[in-house]
Amino acid sequence: MQLLTIGINHHTAPVALRERVAFPLEQIKPALVTFKNVFLGPQAPNTPEAAILSTCNRTELYCATHDRAARDGAIRWLSEYHRIPVDELAPHVYALPQSEAVRHAFRVASGLDSMVLGETQILGQMKDAVRTATEAGALGTYLNQLFQRTFAVAKEVRGTTEIGTQSVSMAAAAVRLAQRIFEKVADQRVLFIGAGEMIELCATHFAAQGPRELVVANRTAERGQRLAERFGGRAMPLSDLPTRMHEFDIIVSCTASTLPIIGLGAVERAVKARRHRPIFMVDLAVPRDIEPEVGKLKDVFLYTVDDLGAIVREGNASRQAAVAQAEAIIETRVQNFMQWLDTRSVVPVIRHMHTQADALRRAEVEKAQKLLARGDDPAAVLEALSQALTNKLIHGPTSALNRVSGADRDSLIDLMRGFYQHAPRSNDQSGH
């Protein structure tokens, strides 16, 4: 079985491409079914395995398959599914086989491949991806083992290194950028669009600055209300956004919408109503919530996840010692996993050997039972049974020795000696 990871992330592709390759949660299960059946092949009983990890910074396909051409098929499927020409997508895609795929999974879960070094959100997202793949019936022995080892490695890395300490989060970076635009965040009105984990983190950081007003707009009014109350703010219907956008100096958006929810026209009207006082906007969603053309407006300061990445990276350099520790742990665990994978490769052969030997045994026992039933001498029947089993069990190795010659034969002879050197002796004449 071959392990393979195909993907794009914030290292290889801009947000404009990442948002086109992202999978909304409700699409992942049906996508897994087509990915397995159409491009990896129905190789029963060795059914291919697959999982999809899709976040704002990455879209990755984890596969286990016997098809050595799965790499090209996976890239082609990703292209066709999202209707992106292969020539446009392929230069941004990485394909990681075997140990590289294992190492990548360990690094991703440990926060080493994140824009925010050591961040923990990705681990939860990976667990969600595994849960979804399990519900879709897409996981099997190999990916199950890979992900269980992945979660164990992430726990070890976070528990024995300082990889996650003093990290500059995306939420903290958003506050830092706002402080570059406004002298005091405390004097500003802040609007959060969405009520997920990222918005909750941003609200925590902005609330610490004591803004003049804090408002949450969300499709689900009850959830938005609960989040607003936590930070002493208030909620408003998302439908009020076009008519009330001008009230806010800072707007942070992160929803699961597949289409922009803030268009150029709405922002132009808001800027005009504000008499060209600046608006600071942060779009943390992928796909983006705010049309990119908004960033061209003179009085709008629009930042995406990629823009915030530059600030985040400033805080990453100081933790390189922890990175080295984490990489060493991961390398050891990769080797351990590959050893397990190697042992799995012989399981089908061993199973086949057992099946063949058992078939021979049953056939000879059946013959012996018939001979005993007709009254043949039991001792003679047992002798014939043992002789027949011996001859048939060594027929394969004997034939193999007779078929080869030269160096191949010498190697096979050494191998056979190793097989039989510990054979028990029923009549030891050594005198010991």
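Cβ from N, Cα, C; glycine included.
Taken from Swiss-Prot, the feature active site, nucleophile covers Cys56. Residues or ranges marked as substrate binding site by Swiss-Prot on the basis of sequence analysis: Thr55, Cys56, Asn57, Arg58, Ser114, Glu119, Thr120, Gln121, Gln125. The NADP(+) binding site annotation in Swiss-Prot covers Gly194, Ala195, Gly196, Glu197, Met198, Ile199. The annotation site 'Important for activity' is assigned in Swiss-Prot to His104 on the grounds of sequence analysis.
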For this session: Going by DSSP, give the three-state secondary structure for Thr55 (substrate binding site).
Result: coil
Exercise. Using an 8 Å cut-off from the Cβ centroid of Gly194, Ala195, Gly196, Glu197, Met198, Ile199, can you name the remaining same-chain residues around the NADP(+) site, in sequence order?
Worked result: Phe192, Glu200, Leu201, Cys202, Cys254, Thr255
For this session: Determine which residues of this chain, when Thr55, Cys56, Asn57, Arg58, Ser114, Glu119, Thr120, Gln121, Gln125 are set aside, have a Cβ within 8 Å of the centroid of the substrate site's Cβ atoms, and list them as they appear in the sequence.
Result: Met115, Val116, Ile122
Problem set entry | Sparsest-packed of the listed binding-site residues (Asn57, Ser114, Thr120) - C-beta count within 10 angstroms | Thr120
For this session: Report, as a single number, how many Cβ atoms besides its own are within 10 Å of the Cβ of Thr55 (substrate binding site).
Result: 21
Exercise. Roughly how wide, in whole Å, is the group Thr55, Cys56, Asn57, Arg58, Ser114, Glu119, Thr120, Gln121, Gln125 that binds substrate, by largest Cα to Cα distance?
Worked result: 15
Seminar exercise, completed: Gln125 (substrate binding site), DSSP three-state class -> helix
For this session: Out of Gly194, Gly196, give me whichever of these binding-site residues has the highest number of other Cβ atoms within 10 Å.
Result: Gly194
For this session: Report the nearest neighbour of Gln125 (substrate binding site) in space among the binding-site residues Gly194, Ala195, Glu197, comparing Cα positions.
Result: Glu197
Exercise. Among all the protein chains here, how many other CB atoms are within 10 A of the CB of Cys56 (active site, nucleophile)?
Worked result: 24
For this session: State the count of C-beta atoms found within 10 angstroms of the C-beta of Ile199 (NADP(+) binding site), not counting that atom itself.
Result: 23
